Amino acid sequence: MPLSRWLRSVGVFLLPAPYWAPRERWLGSLRRPSLVHGYPVLAWHSARCWCQAWTEEPRALCSSLRMNGDQNSDVYAQEKQDFVQHFSQIVRVLTEDEMGHPEIGDAIARLKEVLEYNAIGGKYNRGLTVVVAFRELVEPRKQDADSLQRAWTVGWCVELLQAFFLVADDIMDSSLTRRGQICWYQKPGVGLDAINDANLLEACIYRLLKLYCREQPYYLNLIELFLQSSYQTEIGQTLDLLTAPQGNVDLVRFTEKRYKSIVKYKTAFYSFYLPIAAAMYMAGIDGEKEHANAKKILLEMGEFFQIQDDYLDLFGDPSVTGKIGTDIQDNKCSWLVVQCLQRATPEQYQILKENYGQKEAEKVARVKALYEELDLPAVFLQYEEDSYSHIMALIEQYAAPLPPAVFLGLARKIYKRRK
């Protein structure tokens, strides 16, 4: 009988370790106790695996993953201080041109203002995910000061990409506030000059990658990853705009299939796959299978995240979310309107048709009342539970050979979020 089958017969289930995993990590090193906490471990160096024993079926892994996710949920908080402190170095490096080229001094001053207004003030989840995943995937002895600086910098590149998208998106959506302050384009003296400012934010990504990573073997992979993520997100934004053109409310366009396509391209690739994939490349993990498996988990997380965002746009507290939602006024193909269309009676459909995509406050309120009449908040809460369980199952199935903690920290970070 093969060893793996015998182990399963006695209630021991195997998960592959990361490629670099040292013996002490498989055995539950104090540096990574959560991977094996509470369970007996069987490991041997040549097998490249760590094991957890249960007396129950493999389904127990799902509850174990929830527990380990809880234990790791503060890892983002642990990394946040160093990550945020690195921003001053990012700004300094990006504005050094002023000293060598005084003729562009006022443009560099504008760049500094753009960076400091638009790149900070968020939750930093995307950037921190790069750092957290890097620490999980890279051998501890290789996490020296230089490599950590590169990880922080790549994390900030993800945050700059996010800032670039948000500045442009706020203009297109006529948004009022972002991260608890007025949108950049709404500031006196900015206006549509914000379009160029958004382009500056994007250009900074590639300057930083060149300055910090050009001597690294993964440099080209990172360049291609950021370019591909930008393209995918902009395709998603195009789908979003085409589905809901201004002044033309067509509810027939708002199908679940269309919604999933928008979410996949506009949100999931850059918000979830990009940061984990960047850390994987930095750890030397560039195999197609490993990236494909990670993508299966992360794109599902991205859909989960965007549906939360759509719900919070209307039912969230602006003092908590930091923004005033405008999806109804902007005629957006959101999860709420898709769910409404699936449940509405002919009379309710007519109410939606007459009020959706309109700016008047009373019409917005009528749509919200319709959503509440259809009990969509309860539908969302049930979706949130079901989707989280599905994500846990995907982690169980596809995480290997990466440690599940790479995905669990991110999943726990967004589960039950309210901003």
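Easy rule for this one: first residue shown is 1, then count along the chain.
Cβ atoms here come from the backbone N, Cα and C positions, even for glycine.
Source: prediction; values computed, not measured.
Site annotation (Swiss-Prot, ligand dimethylallyl diphosphate) includes R178, K266, T267, K323, K332; from Q162, Q306, Q348, Q350, the additional listed residue is Q306. When Swiss-Prot records K123, R126, Q162 as binding isopentenyl diphosphate, the matching candidate from R110, R141, R179 it lists for that site is R179.
K353 is the residue among K257, K289, K353, K359 that Swiss-Prot describes as N6-acetyllysine.
K266 (dimethylallyl diphosphate binding site) has a Cβ environment of 23 other Cβ atoms inside 10 Å. Among the residues the record lists as binding isopentenyl diphosphate, namely K123, R126, Q162, R179, the two farthest apart have Cα atoms separated by 15 Å.
It is 10 Å from the Cα atom of K266 (dimethylallyl diphosphate binding site) to that of F165 (site 'Important for determining product chain length'). A distance of 26 Å separates the Cα atom of K323 (dimethylallyl diphosphate binding site) from that of K353 (N6-acetyllysine).
For the binding-site residues shown (R126, R178, R179, K332), fewest C-beta neighbours within 10 angstroms: R179. It is K123, among the binding-site residues K123, K323, whose Cβ has the fewest other Cβ atoms within 10 Å in the structure shown.
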